[in-house]
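Annotation comment: Swiss-Prot describes Lys69, 134-142, Lys166, 186-188, Asp194 as GMP binding site. Annotation source Swiss-Prot lists Mg(2+) binding site at Asp194, citing similarity to another entry. Feature annotation from Swiss-Prot assigns SUMO1 cross-link to Lys115; the stated evidence is similarity to another entry. Sequence annotations record features per position, and here Swiss-Prot assigns SUMO2 cross-link to Lys115. Positions annotated as N-acetylalanine by Swiss-Prot, on the basis of similarity to another entry: Ala2. Per Swiss-Prot, phosphothreonine is recorded for Thr142, and the stated evidence type is similarity to another entry.
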Amino acid sequence: MATRSPSIVIGDDEPGYDLDLFCIPKHYAEDLEKVFIPHGLIMDRTERLARDVMKEMGGHHIVALCVLKGGYKFFADLLDYIKSLNRNTDRSIPMTVDFIRLKSYCNDQSTGDIKVIGGDDLSALTGKNVLIVEDIIDTGKTMQTLLSLVQKYSPKMVKVASLLVKRTPRSVGYRPDFVGFEIPDKFVVGYALDYNEYFRDLNHVCVISESGKAKYKA
């Protein structure tokens with residue numbers, strides 16, 4: 001039986017990094033507490049996850065399913081590393097891509113009401129090996145709902161890669177197959193993670209400030 005890959009665990013008392021140490025867009029300078037995961041660390045970790053995916057799923061055609069919008073940066077970078085491995089190693093796998101868009105957040109809370117509001121026809125997943133790529137697992141309810149939806153199309157295999165998993169008492173206990181970082185129960189933005197559609201244009205994963213939440217509240 002396949003085992004889930006390990007992750008980098010960021011402790012509850014992790015201080016993060018001062019904003020002044022990084023290039024932060026000026027329009028967000030007053031809206032963030034700190035840089036939590038620098039972009040370079042994200043990229044290095046993503047490269048390793050690509051190797052883990054190849055080891056676990058290599059040899060079979062993969063349909064990579066991107067969960068929009070927050071997952072698009074991680075999705076693009078992960079697939080770039082997989083493509084590099086395809087070019088430079090003896091083991092390669094053909095890949096195709098699909099997209100699905102879900103909505104479960106209002107302000108900084110996961111509503112638990114999961115809506116599929118866009119995406120391709122998922123009948124293309126039938127009989128395929130599917131890699132779902134997500135930005136963050138919070139309560140886990142969204143992913144459980146998506147997995148139930150995907151299973152209706154009878155894929156051959158389903159694996160989930162998430163850049164982040166949040167430690168939270170609200171969790172239903174779901175854990176993805178591939179995890180970049182396990183983080184404390186803080187609301188993070190950047191690297192395509194948003195707060196009411198803002199902050200997707202940050203390179204780093206950052207902790208939003210209370211003033212930032214108030215400024216961009218829906």
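Yeah, the Cβs are placed from backbone N, Cα and C, and that goes for glycine too.
Source: prediction; values computed, not measured.
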(request) Using C-alpha atoms only, work out the spacing between Lys69 (GMP binding site) and Thr142 (phosphothreonine) and round it to an integer in Å. (result) 14
(request) Other Cβ atoms within 10 Å is the metric here; tell me which of the recorded positions Thr139, Thr142 scores highest. (result) Thr142
(request) Sorry to bug you, but what's the C-alpha spacing from Lys166 (GMP binding site) to the residue listed as 'phosphothreonine', rounded to the closest Å? (result) 13
(message) Validating a neighbour-count step here. Other CB atoms within 10 A of the CB of Lys69 (GMP binding site): how many?
(response) 18
(message) Around the C-beta of Phe187 (GMP binding site), how many further C-beta atoms are within 10 angstroms, looking at every protein chain?
(response) 17
(message) Counting across all protein chains present, how many other Cβ atoms fall within 10 Å of the Cβ of Ile137 (GMP binding site)?
(response) 24
(message) Need the DSSP three-state call for Ile137 (GMP binding site) to compare against my parser.
(response) strand
